[in-house]
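Structure first, commentary second.
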Amino acid sequence: MKAKVVVMPKAGVLDPQGKAIGHALAGLGFEGVGEVRAGKVIELELAETDPVKAKAEAEAMARKLLANTVIESFSVSLD
Amino acid sequence: MQAGIVMFPGTNRERDMALALQRATGRKPAILWHRDTELPAGTDLVVLPGGFSYGDYLRCGAMAAQSPIMRAIHEFAGRGGHVLGVCNGFQMLAEAGLLPGALLRNASLRFLSMDCHMRVERTDTAYTGRFQRGQIFRSTMAHGDGNYFADEATLDRLEGEGLVALRYTTADGQVTEAANLNGSARNIAGILSPNLRVLGLMPHPENQVDPLIDGTDGLPLFESLAEALATA
């Protein structure tokens, strides 16, 4: 079973990377772009076949290592 | 004082740290390996030096914080042991939960390799006894992710409990935005644990311990440790 963990900077945490991307988009002539936030996606291939258990497992991994919950939030989805 | 410096794959400042400690204590520190599961008996100080452990994969210090020796360091700190983390070592301490907060990408998005100045906020710790209170000293920063972040409640607690050890200032001691090169919350350069025995800071005082090489501004930190942790 495949799980996808999306890790994003928490609201209120400065995201200079997102800001720089936003500036670059404006420089390229793309208009109407509001706030840009940059995070990361981590794909996991799990042996677990039960979706409820797989999701719980991926969430535990995110809390322990994949995200730093001081500065990042995460969400887990299954394929 | 017997110090142990921990090496991780990608650590690159262990030699400078060893020289600084040796200069202050007259004793060669032990070099420890990240896979070790125990600290040598008689260790007084554990140092997590700078570098780019595990290539800064995932987040700076995140992988190192999960390595086998960190469990021993947690126990050591729990027993009241002294732990110093510099640069990548500070990032590891934050990732390991031994100090609160996190180090974000520098606000400028640039890797900063330059001089900085810091003010010593308290001198009643094993790390700062040889400084004067409010003393400004020069050091070097060399990091891409040194922007200290914690939520407002945590920052207020750190300030209230006097756990901000070092703050970025101008050369003449002004706490200004311009002096805060990496964008850290409240100009914080270094913080202490509640028992004052774990210190994390981003700049490299081990760079300034030799009068022939960039001066000795950083030496008091190591002399303080040598004095405070001297064993009979």
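A Cβ is built for glycine as well, from the same backbone N, Cα and C atoms used for every other residue.
TrEMBL: automatically predicted annotations, no manual curation.
The shown structure was predicted, so the numbers you read here are calculated from the model rather than taken from an experiment.
So that you can see what the record holds, here are the features copied from TrEMBL:
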- B:CYS87: active site, nucleophile (ACT_SITE)
- B:HIS204: active site (ACT_SITE)
- B:GLU206: active site (ACT_SITE)
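Listed in sequence order, the residues of the same chain lying 6 or more apart from B:GLU206 (active site) and placing their CB within less than 8 Å of its CB are B:ARG13, B:ASP16, B:MET17, B:LEU19, B:ALA20, B:PRO49, B:VAL86, B:GLY218, B:PHE222. For the active-site residues B:CYS87, B:HIS204, the ranking by surrounding Cβ atoms (within 10 Å, all protein chains) places B:CYS87 first. Cα of the residue listed as 'active site, nucleophile' to Cα of B:HIS204 (active site): a span of 7 Å. In the three-state DSSP classification, the residue listed as 'active site, nucleophile' falls within coil.
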